[in-house]
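Engineer: I'd like to ask you about the structure that follows.
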Amino acid sequence: MTTVRQRRVEKGTEAAGDHQPSEEKNVKPDGKILSDHTGGKLWNILSITVGGIVAISLGLLTSVYVATLHENDLWFSNIKEVEREISFRTECGLYYSYYKQMIQAASIQQGLHGLVYDNKTESVRTINILERMNVYQEVFLSILYRILPIQQYLEPVYFYIYTLFGLQAVYVIALYVTSWLLSGTWLSGLLAACWYITNRIDTTRVEFTIPLRENWALPFFAVQIAAITYLLRTHLQPVQEKLTLMAIFIATFLFSLTWQFNQFMMLIQALALFILDCFDMLPTAKVTWLYIIQISGLLLVCVLQFFNSMILGSLLISFNASVLIARTIQKNLKKGGLLNRLGKLILHVLLVLCLTLLINKFIKKILNLESDEHIFKFLKAKFGFGATRDFDANLYLCEEAFGLLPLNTFSRLSDTLLFYVYVFVLFLMTLAAVIVAFRNLSGSNPVQFMEKMEECTITLKPDAAYNLIHTVLFGCLALSTMRMKYLWTSHMCVFASFGLCSTEVWKVILKCIHLYTSQRMHAIKYSIPIIALLYISHKFWPGIMDELSELREFYDPDTVELMNWIKSNTPNTAVFAGSMQLLAGVKLCTGRTLTNHPHYEDKNLRERTKQIYQIYAKRSPEDVYRILRSFGTDYVILEDSICYERRHSRGCRLRDLLDVANGHIMDGLGENEPDLKPSLYPRFCEEIKKNLPSYTIHFTRVFQNKTFHVYKLAKHK
C-alpha cells in the first residue's frame with residue numbers, strides 16, 4: 001500500500017484593447033493617415049508584446065509550480081531509482097518502461113526492433129508496441145536524449161518529467177491565447193491562466209500521473225482549439241488562413257498520435273462543427289477543411305501505428321465521411337424558408353446518422369474489428385440500456401473515474417468564482433446562439449420579435465459560437481464521466497474569462513438595460529476582470545505558498561521490497577502474473593515478462609486478463625494452475641488489498657465482478673441474482689495461504705510481506 005508521509009526535516013496593470021485593424025474612418029479623404037491611427041498601431045504593438053511576455057511567463061511559472069509540487073510531494077530527487085519508478089503507477093509505469101527500454105538499448109535500431117517485436121509485455125505472444133500503444137512520444141524523447149550531449153548533466157527520468165512539465169507551459173499559453181483571441185484583450189488570457197492554476201485539482205493531474213497519455217495530448221488539443229478559434233475569425237488573408245490550417249493539422253496530428261482516446265474527443269469536436277454548420281453559424285468551406293484535417297491526421301497516425309484497425313474502424317472517420325457525402329447529396333440544404341429548412345435539416349441529420357452507422361458497420365465487418373466493443377458495452381450499461389454481467393464493462397462501471405462528476409467539484413470551482421462566471425456567460429451565449437440560429441434558419445431579415453429588440457441586436461461570431469458548442473458538449477462528457485473533466489474544466493477557464501472581458505457581452509447587456517455608453521462599457525470590461533484577479537490573488541496566494549512549502553516523502557516499503565526481491569531472486573526470463581496495475585510496475589522496475597498489463601484496448605488482452613484474475617475467484621487450484629501455465633506463468637503475485645478489498649462496496653469489488661461473471665454467489669450480506677449459484681470451491685487467494693496439499697503440489701510460496709504473496713508454479717511434465 002503506497003502512502004505519502006510527512007518528510008522528516010532537520011532543524012500588473014493592463015488595459016489592452018482589441019487588436020483589430022483600425023477602421024477606415026481614421027483615414028482622411030486625401031489619403032493621409034491621422035496621427036491617432038499611428039498611435040493606435042503603436043499601442044497595439046505594445047499591447048501584443050506585453051501580452052505575449054505575460055503569456056510566456058505564466059506558462060513557465062505553471063511548469064515550475066507543478067514540478068515543485070511533484071518534488072515536494074515525493075522528495076523525488078532524494079529517493080532511490082526503484083522508488084522513482086514505483087511512483088509511476090499503473091499504466092504510467094508501463095508507458096515509461098518503453099522509454100527506459102529505448103534508453104538502455106544498445107542502439108536506436110535495436111531499441112525500435114525490440115518495440116516492434118516485443119515478447120515481454122504479453123507472455124507467449126509477440127506484439128508490436130508501436131501498433132498497439134501510443135508511445136511514439138517515448139520513442140522520440142529517448143532518441144532525443146541519446147543524441148543530445150546532456151547525459152552527464154541530466155538523468156533520463158528528469159529529461160522525461162521535465163518535458164511533461166514543460167508541455168504544461170504550452171498548455172497554459174494555448175489557453176491564454178484562445179481567451180485573448182475571443183475577447184480581444186490579453187487581460188482575459190491572464191484571468192484564464194490564473195483560474196487554471198488556482199483550480200489545479202480539477203484542471204490537471206500532471207504532477208502525480210506524469211506519463212499518462214492525456215498529459216501529452218491535452219496541450220496539443222489546446223493548441224488546436226486556439227488555432228481553430230483564429231481560423232474562424234473573419235477577414236483572414238489567404239496566407240494567414242493557409243498557415244492556420246497547417247497549424248491545426250500539426251496540432252491535430254500530435255494530439256492523435258499521443259492518446260488512444262483521440263478519436264472519441266475529435267468525434268465530439270466534429271459533432272460541434274456539424275451542429276454549427278447545420279445552423280449556418282460557421283463558414284461551410286472552413287468546416288469542410290476541418291473535417292478533412294481530422295480524417296487526414298487520424299489516417300496518418302494509422303499509418304505510423306502500422307494500420308491499427310481500431311483507428312480505421314473509428315466512428316470519427318465514418319461520421320466525417322458521412323457528413324461530406326450527405327452534403328454532396330443535399331446541395332440546397334441552406335436555402336428556403338424556416339419550415340423548409342427545418343425539414344431539410346431533419347432529413348440531413350437522419351441521413352448522416354444512417355450513413356455513419358452503415359459505413360462503420362461495413363468497416364468493422366471487413367476488418368473483423370472487436371477491439372473497442374468493451375467501450376460500447378460500458379456506455380450501454382452506464383446509460384441504463386440494460387444491466388450487464390460483462391466483466392470488462394463492470395470493471396469500468398465500478399471505477400470512480402468513470403462515474404458521474406461529483407457535486408463537490410462545483411463547490412471547489414465556485415470558490416474561485418469560476419463556476420459562477422461560467423454559468424453566467426454560458427447562459428448569455430446560449431441565449432444568443434438560439435436567437436442567431438433561429439434567425440439564420442428563418443432565412444429572412446430580423447423577425448418580428450427581433451424588431452422589438454432592435455436596440456440590443458444580438459450577434460454571435462463564428463469563433464465564439466464554436467467555443468460555446470465545444471464547452472457544452474465537453475461539459476456533458478465531463479458530467480457523465482469524471483475522468484474526462486480535465487477536457488472541460490480547462491476550457492471552462494477560457495470561456496468564462498472570455499465572457500467577462502468580452503465587448504459584445506457587455507455591450508448587449510448595457511444596451512438591453514438602456515445604460516450603454518462606450519466609456520461605461522470599457523470601464524466594466526476591464527474593471528470586473530481586475531477585481532476578479534485581485535480576489536483570486538488575495539484568497540489563494542497564501543494557500544499556494546503553503547502548498548509549495550509543505551514537504552513530504554514517498555513511502556512504499558512493501559512494493560520496494562517486492563521489486564528488489566524479484567530482481568535478485570528470479571531469472572530475467574521469468575514470467576509473472578498478477579493484477580494489471582502491479583505488473584506494469586514489475587515490467588518497469590525489473591524488466592520481467594508479464595502475462596497481462598493495463599493497456600486494455602485489445603480483445604485478446606481483455607480475455608487474458610479475465611482468465612488471470614481467476615486467482616481472486618472461487619476456482620479450484622487445478623483450474624487456476626492450468627490457466628496460469630497456459631500463459632507461460634512462472635510466478636504469481638497475490639495482493640491482500642485485492643483479495644480482501646474494502647475500497648469498493650459489495651458488487652463492485654473485483655472478487656464480486658469475477659463471481660458474477662462466473663455465475664457464483666457473491667460474498668457477504670446482500671442480495672444476489674436468482675440464477676447465481678454457490679461455488680464448489682473456496683476463494684483461491686484465501687485458500688492458498690493455508691498450504692493445503694492440493695495447493696502446494698502446484699504452488700510454492702517463495703516471498704511474502706504485509707502486502708504481497710509470491711508463489712512459484714511447479715513445472716509438471
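Here the Cβ of each residue, glycine as well, is placed from N, Cα and C on the backbone.
Where the annotation comes from TrEMBL, it is an automatic prediction and has not been curated.
Quantities reported herein were computed from a predicted structural model and do not represent experimental measurements.
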Engineer: Among 297-325, 471-499, where does TrEMBL put the label transmembrane segment?
Structural biologist: 297-325
Engineer: Have a look at 243-261, 262-280 and point to the one annotated transmembrane segment in TrEMBL.
Structural biologist: 243-261
Engineer: Relative to the transmembrane segment (180-198), which of 218-236, 345-363, 417-438 accounts for the most Cβ pairs at distances under 8 Å?
Structural biologist: 218-236
Engineer: Apart from its near flanks, which chain residues at least 6 from the ends of the transmembrane segment (297-325) lie with a Cβ under 8 angstroms of it?
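Structural biologist: Same-chain residues near the transmembrane segment (297-325) but 6 or more away: 128, 130-132, 134, 136, 249, 252-253, 255-257, 262-264, 266-267, 270-271, 274, 288, 291, 351-353, 355-357, 359-360, 363-364, 367, 369, 371-372, 601.
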Engineer: Do any residues of this chain, six or more beyond the ends of the transmembrane segment (218-236), have a C-beta under 8 angstroms from a C-beta of it, and if so which?
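Structural biologist: Cβ under 8 Å, 6 or more out: 167-168, 170-171, 174-175, 177-178, 181-182, 244-245, 247-248, 251-252, 254-255, 258, 265, 282-283, 286, 290, 461-463, 465-467, 470, 486-487, 490-491.
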